[in-house]
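Summarising the annotation, TrEMBL assigns active site to Lys208. Positions annotated as compositional bias 'Polar residues' by TrEMBL: 18-33. For 42-198, the entry in TrEMBL reads domain '6-phosphogluconate dehydrogenase NADP-binding'. Sequence annotations record features per position, and here TrEMBL assigns domain '3-hydroxyisobutyrate dehydrogenase-like NAD-binding' to 202-319. The region 'Disordered' annotation in TrEMBL covers 18-38.
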Amino acid sequence: MRAYMSVRFVYERQENQVNQSAQSTVSPSQTDVPRTGSPCPRVGLVGLGHMGSAFAQNLVSCGYQTVVFDRNATKRDACAGAQPVDSLAGLSQCDIIFSSLPNDAALSSMTEGHSGLITVMKKGAVHVSTSTVSPTIARHLAGLHQSSGQGYVASPVLGNPDLAKARKVFFMVAGPADHVASAVPVIQNLGQHIFLMGDDPGHANLMKLAANVMIATTLESMGETLALLRKGGISAELGFDVLTNSLFDSKVHKAYGGKILYERYRPAGMVVALALKDMRLALTEAEHATTPMPFASLVRDRMVAMMARGWETLDWSALGLLASRDAGLPSDPGLSDLF
């Protein structure tokens, strides 16, 4: 299998039953994820934050028998159509278990802690981690699952909770081919595109961290540029229109740039605290690979400055707010209060 290849797929919404699976291998020449008529798997999901809740609701709407667990009982009970359980042991009969957790520590604790997933999962079941975590923890957990006769697939996500609800996120998937083949038919119902990253689960997480570095540095440059235009007497709206309708028309420039333009930093798609965590992880990988990333290091420090201001729960596009404040610019009085 080629290490980096894209698999294009069209997800199908089904209300009663999902009869689909993947072959044990996917050749580079295939353009669609293959499907057969194997029985619909029983699916579990751990972690009902904004992303996890969106995934759970989409699994239910696709007809999967979905079992959900979160330490917060209110979140469990709010997941309409799913079966809530009050411990990980309630997931013991699931064939595929998704986890959506905030960091390495949470994923490790939920997986290998006392009565964790490794203990309760049946042999042959596959753990699909959608969390943004370090490549190191991904490889570590994959090894533990393998030793227990289970599978581990790294499947981090590009996209925010609103895109997750609309099934418009992107998945980067990596792990042993047979486990990936089991997971992909379910994953394809949750997003618009899957990128297969090879057998090493760490590669999927490294790709996600690299993508987040690019987003963060773009946010910093957008914030600085719009601040310069405002100080120079050009309206931010006009500058934004010129930039995003000429050479800078990417989704990141338009969507996140719009948040900077209108100072819409709440509700957050990615809070500053988690963005800072991702920058730390990326820079740790860069150091291990002896790869200097000076711009990423600068943006990491900018996020530390945001944390010092008490902005940890704002959207990470608030890098634009920091740029405007550093330039001595006031918030637009016509915009809603940030705090």
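Every residue, even glycine, has its Cβ placed from backbone N, Cα and C.
Automatic prediction, not curation, is the source of TrEMBL annotations.
Confidence annotation: the domain '3-hydroxyisobutyrate dehydrogenase-like NAD-binding' (202-319) carries a mean pLDDT of 98 in the model. Reduced to three states, the DSSP call for the residue listed as 'active site' is helix. Taken through DSSP, the domain '3-hydroxyisobutyrate dehydrogenase-like NAD-binding' (202-319) splits into 87 helix, 2 strand, 29 coil.
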